[in-house]
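Asks: My structure is below; once you've seen it, I'll send some questions.
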Amino acid sequence: MKFLDLCKVYIRSGGGGGGCVSFRREKFIEFGGPDGGDGGNGGSVWAEAVEGLNTLIDFRYQQHFFAKSGQPGMGSQRTGKSGEDIVLKVPVGTEIIDEDEETVIADLTEVGQRILLAQGGNGGWGNLRFKSSTNRAPARANPGQPGIDRTIWLRLKLIADAGLLGLPNAGKSTFLSATSNARPKIADYPFTTLVPNLGVVGVDGKEFVIADIPGLIEGASEGRGLGDQFLAHVERCSVLLHLVDGTSSTIVKDYRTIIGELEAYGGDLAGKPRITAMNKIDAMDPRQISDRRRALEKATGGKVFTISGVAGTGLMEVLRALWAEIDGARGDAVEEHVPWQP
């Protein structure tokens, strides 16, 4: 499946139908009076988060969504038919942004969450509405309200509990494949991963979701490599797992490169809880492992896990550390949503 996480969409709600000018005409009724009906309301445009989608690719092939207008009113007090609403079905985690590309209109983070993007125009009044004690036969009606034209951006930020970070070929996809049901492409060359991948991880009877994004390189914030736009997909994560290639001779520099890109990206990403793991220890001798782990711990100021995605060494320890951070974040979120009771 092709992946698309940003697209521009043009929407228009339907206009209201015009009111009707009509008078009752029946045999033996000389002054039947007005009986013009109202116009129907125009269709509205909505966005709704649905299950089963993880890309915005459908919006590459259709960018224009125009709701139908309401039908005009008719005689005998008949109201025109209202236009049908249009619902844009988007993946959970989609942000809806105004045309200025800065103002967030809505953030759809739950299945079934819905937001009104453009209200349909009201139908015009028929002449029956204008009947009064002083005007028994009004000969006027209102036109319907026009629809609303709007341009919006849809931006997808995948919802995951943990995010994988690292330089290209740090072993992120191998780690994801070894710990989850995901089967990302794995090869011995940089930028094997071109789009984000999600995997469900199980540890001690608990499950959480890990997101693997394409590797970052120095200058990614300036557009080098694949850029840093994929970092948006780990913004919602509770914890980040930073994988460092233990076979690299510049292991400390590699670590600092990723940290620098996180800081350059901005937002709260650099301040998120972070776990560091030195990968590929199956290709290192014990002394190399000890020396490079010590150097990395000095640079990070904290514990560094040693793992091998290929051999499966140390993976459960890292997963338990990730779960501890995720479980704590979920507990804090529950406390924030507890309703107040006297």
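Cβ atoms here come from the backbone N, Cα and C positions, even for glycine.
Here the structure is a predicted model, which means the values were calculated and not measured.
Taken from Swiss-Prot, the feature domain 'Obg' covers 1-159. What Swiss-Prot records for 160-327 is domain 'OBG-type G', and it gives sequence analysis as the kind of evidence. Here Swiss-Prot flags 166-173, 191-195, 212-215, 279-282, 308-310 as GTP binding site. Annotated Mg(2+) binding site per Swiss-Prot: S173, T193, in sequence order, evidence recorded as sequence analysis.
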Asks: Provide the three-state secondary structure of K172 (GTP binding site) computed with DSSP.
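Replies: Looking at the DSSP assignment, K172 (GTP binding site) belongs to a helix.
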Asks: Tell me the coarse DSSP state (helix, strand, coil) of G166 (GTP binding site).
Replies: coil
Asks: S173 (Mg(2+) binding site): which of the binding-site residues V195, K280, S308 have a C-alpha within 10 angstroms of it?
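Replies: Passing the 10 Å Cα cut: none.
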Asks: Over the span of the domain 'Obg' (1-159), how high is the average pLDDT in this prediction?
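Replies: Mean per-residue confidence for the domain 'Obg' (1-159): 90 out of 100.
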Asks: Once near-sequence residues are set aside, which residues in the chain of V195 (GTP binding site), 6 or more away, have Cβ atoms under 8 Å from its Cβ?
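Replies: Once residues fewer than 6 apart are set aside, V195 (GTP binding site) is near F3, P214.
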